[in-house]
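Chemist: Submitted below is the structure of interest, expressed as structure tokens.
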Amino acid sequence: MKSSTVLDDIITDDKLHEECGVFGVYLNDPSRDAASLVYYGLLSLQHRGQESAGIAATKDKAIEYRKGMGLVSDVFTPEILEQIKGSSAVGHVRYSTMGSSTIDNAQPFVSRFKLGSIAVAHNGTLTNANVVRELLEDAGIGFTSSSDSEVIVNLIAKNYKKGLERALTDTIQFIKGSYALAVLTDEVLVGARDPNGIRPLCLGQLDGGWILASESCAIDAIGGKFVRDIEPGEVVIIGKDQVLTFSFSEKTRRAVCSFEYVYFARPDSIIDKVDVYGARIRAGEILGRESAVAADLVIGVPDSGIPAAIGYGRATKTPYGLGIVKSKYVGRTFISPNQIQREKAVSVKHNVIASEVKDKRVVIIDDSIVRGTTSRRLVAILKGAGAKEVHIRVCSPPVRCPCYFGIDTPHRKDLISNGNSVSELCRSLGADSLAFISVEGLLEALDGQGGYCLGCFTGEYPIPVPGEAGDGC
Ligand code: SF4
């Protein structure tokens, strides 16, 4: 079993990562500014990507854009926002997986061509990006990045002479994989979601305008009203005084990413009619029902483990407390190995409130175990602070397989649940007991109805993935 250092833990960041967030605003009044609203929307989606940010806006039938590396607030100063004023705009925050972390891969991707210009913000991963890219390159179309998302902007631009609606339909029928898109043209704002709806996208309304957002929390942030989720396989075209919507695929089967509810999304968001906070509370309650253990205290690993710990505490009548504190400002690459001493490193990211855990039997609730490094460290620091017993409960099933739909997963060999039984894992983490929620329990915590992707838990993916049998792992 692979061991790792404290610094590995901090530097590699032992979590799966959401790849991107998208946001778009269309305002009917051409004198109003949409770019600053997109800025605030992106701030609310910052948890979905911290490596780069970008905004493109349409003014006088031309698209201007700015993008850069870093957080939204680092990239967009008031002076930069002044330069991209426009009455409709799209924005993007990115955490890279497909394509490296460079400014070339930052979004939105913008193409200016004879018939107009478009900007595309994409959340997801295309499973046939290489094939599409080769076809476009053979047709003489050049690329400026290694991102799969650039094939979408180039395909739409190539098909544009057929008219926008046809160009969109032809493009999205050609691409495969997961995509939630916010597309800006010289005249309209467009939203589209793949036929399985793997990544979330919703529609909101503003006084005199419309909003597209990866999560409903970003609609709330700019004072908008949530209208509805974009359906799997649906396109929405928002223009002056009209919203046109159509389905581009007859073969739609909802398979929204279950990890959105477990970990990625903000707890104040509602995705496909399921409220994220409620789902986390229920996951904790179900964990309590499935694998209760006698204990004096239950604590959640911040942030997403906290609602589940509250649910577990309610279900098992175990007192809930705040035993672990997380520094919110620790980035993925904030530190080099020689900057701090090994023995001090663990408390940079998580620290324990010793007075809360001393001499107690403690249950810690985490959203997931990926490499296992964080859990191992947490057990060690809790025991170091005097906890009598440490039991781990996890509100997602074991992550055994990679994700191909827009989530950054370690190699299969680095997933600690791949090839190890729960008891082997428990020993490796140094815990007194370990249990994961069942797949059935997770589905019950969502809405009990199905329609979720569970690929990284079960190996059964909603769409074929090159190189994966798709029948379990
Ligand atoms: S494989 Fe896992 S992380 Fe990827 S979309 Fe499916 S549930 Fe989400």
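Each Cβ is built from the backbone N, Cα and C atoms, and glycine gets one as well.
Straight out of TrEMBL:
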type     : residues                       : note
ACT_SITE : CYS20                          : active site, nucleophile
BINDING  : CYS257, CYS403, CYS453, CYS456 : [4Fe-4S] cluster binding site
BINDING  : SER304, ASP366, ASP367         : Mg(2+) binding site
DOMAIN   : 20-241                         : domain 'Glutamine amidotransferase type-2'
Chemist: Measuring CA to CA, name the entry from the recorded positions CYS20, CYS257, CYS403 that ends up nearest ASP367 (Mg(2+) binding site).
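Modeler: Among CYS20, CYS257, CYS403, CYS257.
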Chemist: Where ligand 1 binds, which of the binding-site residues ASP366, ASP367, CYS456 are close by, with Cβ under 6 Å?
Modeler: CYS456
Chemist: Who sits close to CYS453 ([4Fe-4S] cluster binding site): which same-chain residues at least 6 apart have their Cβ under 8 Å from its Cβ?
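Modeler: Result: ASN196, ILE198, ALA255, VAL256, CYS257, SER258, PHE405, TYR461, PRO462.
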Chemist: Should CYS456 ([4Fe-4S] cluster binding site) be counted as helix, strand, or coil on the basis of DSSP?
Modeler: helix
Chemist: In DSSP terms, helix, strand or coil for ASP366 (Mg(2+) binding site)?
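Modeler: DSSP call for ASP366 (Mg(2+) binding site): strand.
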Chemist: Hey, does DSSP put CYS257 ([4Fe-4S] cluster binding site) in a helix, a strand, or just coil?
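Modeler: In three-state terms, CYS257 ([4Fe-4S] cluster binding site) counts as strand.
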Chemist: Measuring Cα to Cα, how many Å separate CYS456 ([4Fe-4S] cluster binding site) from SER304 (Mg(2+) binding site)?
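Modeler: Counting only the Cα atoms, the answer is 19 Å.
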Chemist: Which whole-number value in Å describes the distance between the Cα atoms of CYS20 (active site, nucleophile) and CYS403 ([4Fe-4S] cluster binding site)?
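Modeler: Between the Cα atoms of CYS20 (active site, nucleophile) and CYS403 ([4Fe-4S] cluster binding site), the distance comes to 14 Å.
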Chemist: Between SER304 (Mg(2+) binding site) and CYS403 ([4Fe-4S] cluster binding site), what is the CA-CA distance rounded to a whole number of Å?
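Modeler: Counting only the Cα atoms, the answer is 20 Å.
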Chemist: May I ask for the distance between ASP366 (Mg(2+) binding site) and CYS403 ([4Fe-4S] cluster binding site), taken between their Cα atoms and rounded to an integer number of Å?
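Modeler: It is 20 Å, counting Cα to Cα.
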